[in-house]
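Inspection log for the structure reproduced underneath, given as structure tokens.
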Amino acid sequence: MTIAVGRAPAERGWFDVLDDWLKRDRFVFVGWSGLLLFPCAYLALGGWLTGTSFVTSWYTHGIASSYLEGGNFLTVAVSTPADAFGHSLMLLWGPEAQGNFVRWCQLGGLWNFVALHGAFGLIGFMLRQFEIARLVGVRPYNAIAFSGPIAVFVSVFLMYPLGQSSWFFAPSFGVAAIFRFLLFLQGFHNWTLNPFHMMGVAGILGGALLCAIHGATVENTLFEDSEQSNTFRAFEPTQAEETYSMVTANRFWSQIFGIAFSNKRWLHFFMLFVPVTGLWMSSIGIVGLALNLRAYDFVSQELRAAEDPEFETFYTKNILLNEGIRAWMAPQDQPHEKFVFPEEVLPRGNAL
């Protein structure tokens, strides 16, 4: 008689079967994150293409914003809902549209649709990077880096209008529409003088500079290890040896600046840290704007410029330009308010 010792194999449930199917090796990995990413990305992109192709902004902004109305790639947009709707989610079955799809598009419901599905799509893409990193066995710094763009999207398209009176003050989804929003931020918030904007610019441009320097330095110090027609053919993805000389690169920059990175890990962490921190700082600044927080106000210069016509600085010039943006942009940007500015309140002074 034979006695078998051991555990009976556990019965596989539907969760295990689904887990196997989602993580199967295929051309486009799905994964659990794909259940969020793919539907949301598809709906956000589809909503944007539909809106820019066919949907007018006449009822919300008093403008034409689609290819059907004669716009082009730079001028079409999916526009924000009207100011009167506040922070309504603008659901298709909500009290505004009452299930009428055409009316829902006319009232700006597509903007909420694209913004919310876009936000969840970006989050799904970050989760995808976490999931694949875990399966491959690498650290999740790609996902951490992608938190920067997510922070910017959420702060600009969701947090800022939530701090203002309605979704109307968020940027519409279009090229020229984003430019309008930038002018709005400058005129109403003096955004370029905000220290968080300065940190964001330093991070993005600093990251671009580091990327250019790093790429050029690596190309400069490639080992001449082949007789191939060009240096790129000499590289094998599985080769054990280095493909460029860190020692030579270190010596080069030591001669240029008197200082250089000697640790590859610190160098690449720095290249990650600079742009991502810049994006996060910009996001924090936008949340501050949502709450109408002021940045730098050099009141002493403004007072002196008001008293002395011969005194002005670049700061006082910019303040006057901001007043001009507010006075001339508000009637165009918010026609529903029916703003009328008398001649005497329009900005005058040395700058204009």
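A Cβ is built for glycine as well, from the same backbone N, Cα and C atoms used for every other residue.
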Of 19-39, 40-60, 250-270, the range Swiss-Prot labels transmembrane segment: 40-60
Swiss-Prot annotation (transmembrane segment) - matching range among 90-106, 124-140, 311-327, 328-344: 124-140
Integer Cα-Cα distance in angstrom, His197 (chlorophyll a PD2 binding site) to Asn142 (pheophytin a binding site): 24
Nearest of the binding-site residues (Gln129, Asn142, His214, Phe261, His268) to His117 (chlorophyll a ChlzD2 binding site) - Cα to Cα: Gln129
Cβ-Cβ neighbours of His214 (Fe cation binding site) (radius 10 Å): 16
Cβ contacts the transmembrane segment (278-294)/the transmembrane segment (152-165), at least three under 8 Å, sequence gap 6 or more: yes
Candidate nearest Asn142 (pheophytin a binding site) in space, where candidates are the binding-site residues His214, Phe261, His268 and distance is Cα-Cα: His268
Tertiary contacts of the transmembrane segment (124-140), as residues 6+ beyond its ends and Cβ separation under 8 Å: 23, 29, 31-34, 36-38, 40-41, 146-147, 150
Positions on the same chain near the transmembrane segment (207-227), where near means CB under 8 A and six or more residues out: 233-234, 241-246, 248-249, 252-253, 267, 270-271, 274-275, 278
